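Per Swiss-Prot, the features are as follows:
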- 161, 196, 200, 207: Cu cation A1 binding site (BINDING)
- 196, 198, 200, 204: Cu cation A2 binding site (BINDING)
- 198: Mg(2+) binding site (BINDING)
- 218: phosphotyrosine (MOD_RES)
- 1-14: topological domain 'Mitochondrial intermembrane' (TOPO_DOM)
- 46-59: topological domain 'Mitochondrial matrix' (TOPO_DOM)
- 88-227: topological domain 'Mitochondrial intermembrane' (TOPO_DOM)
- 15-45: transmembrane segment (TRANSMEM)
- 60-87: transmembrane segment (TRANSMEM)
C-alpha cells in the first residue's frame, strides 16, 4: 500500500507490476537525458552570442534530429507494447473470480465453486479496530491463493467503476453490460489494498478493495468454511 510522502510506486508483488516498474525506470531515464540535453543547449544559447554558421542550413543535422527522435520513440514503444500483450494474455487460469461494481460496494463470485459469493462493503470509520486502515478496510476480503494464475472478470450493475489494486499492477474498468477480464498472480502472501478508480457518484471514495493472498492449503480451508 502507499504511504504518506511516498515518492515512488508501490512495491511490486506480481510479475506484471515488476515489468511496469522496470518500464517506468526505463522511460524516466530517457526523459531525464532528453531534458538534460535540452537544458544544456538552452543554457549555451543564452550565454553565448556566437553563431555556428555551418549548422544554419545543414542537411546532415536535419537528418540526425529526424532519425534520433524516431529511435527514442521506438525504444519507448516496444517495451510498452510487450507489457500490454502480457497484461492481456491469460493462459490456463487456476481460478476464476467474477467481480461486480455497485453503488457503492463490490460483489464477488467464485465461478469454480457452486455457491461461493459475497458482497464487500467498506467498514465505517467508527467501527474500525486498532491498527486498521481508514477508508480501506472491508467486511469481506477477497481470499485468493498465491503463486497461481487467477482470472478476474469485471463488470458493473449500474454505472462505470474501475477495479484497481496498484501493488499488483491491476486496473480494469467495470462497465455495465460489458465483461472485461484481467489476470493476477501474487508472488508473496499478504493484504493488498485498492480502491474504485473511476468517479462513480457521491460515495466513490468508499469502495475499497482488499485482496488476501494466502498459500493454497489455507485457501482450500477458507473456501470449505465459506460453503
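Any Cβ shown, glycine's included, is placed from N, Cα and C.
Taking the features listed in Swiss-Prot, we show where each one sits on the structure.
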| residue | record | DSSP (3 states) |
| --- | --- | --- |
| 161 | Cu cation A1 binding site | strand |
| 196 | Cu cation A1 binding site | strand |
| 204 | Cu cation A2 binding site | helix |
| 218 | phosphotyrosine | helix |
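In the structure shown, across all protein chains, 161 is the one of the binding-site residues 161, 204 with the greatest number of other Cβ atoms within 10 Å. For the topological domain 'Mitochondrial intermembrane' (1-14), DSSP puts the residue distribution at 0 helix, 0 strand, 14 coil. When the C-alpha distances from residue 218 (phosphotyrosine) to the binding-site residues 161, 196, 198, 200, 204 are tabulated, the minimum falls on 196.
The topological domain 'Mitochondrial matrix' (46-59) scores a mean pLDDT of 70 in the predicted structure.
The recorded positions considered are 196, 200, 218; of these, 218 has the fewest other C-beta atoms within 10 angstroms of its C-beta. Counting residues 6+ beyond its ends, the topological domain 'Mitochondrial intermembrane' (1-14) has Cβ neighbours under 8 Å at 20-21, 24, 133, 136, 166-170, 184-188, 190, 192-193, 213 in the same chain. Just so you know, the Cβ of residue 207 (Cu cation A1 binding site) picks up 27 other Cβ atoms within 10 Å once every protein chain is counted. Each residue contributes its Cα atom, and for residue 161 (Cu cation A1 binding site) and residue 198 (Cu cation A2 binding site) those atoms are 5 Å apart. Around the Cβ of residue 198 (Cu cation A2 binding site), 18 further Cβ atoms fall within 10 Å across all displayed protein chains. Taking CA atoms as the reference points, residue 207 (Cu cation A1 binding site) and residue 198 (Cu cation A2 binding site) are 10 Å apart. Here the C-alpha separation of residue 196 (Cu cation A1 binding site) and residue 204 (Cu cation A2 binding site) works out to 7 Å.
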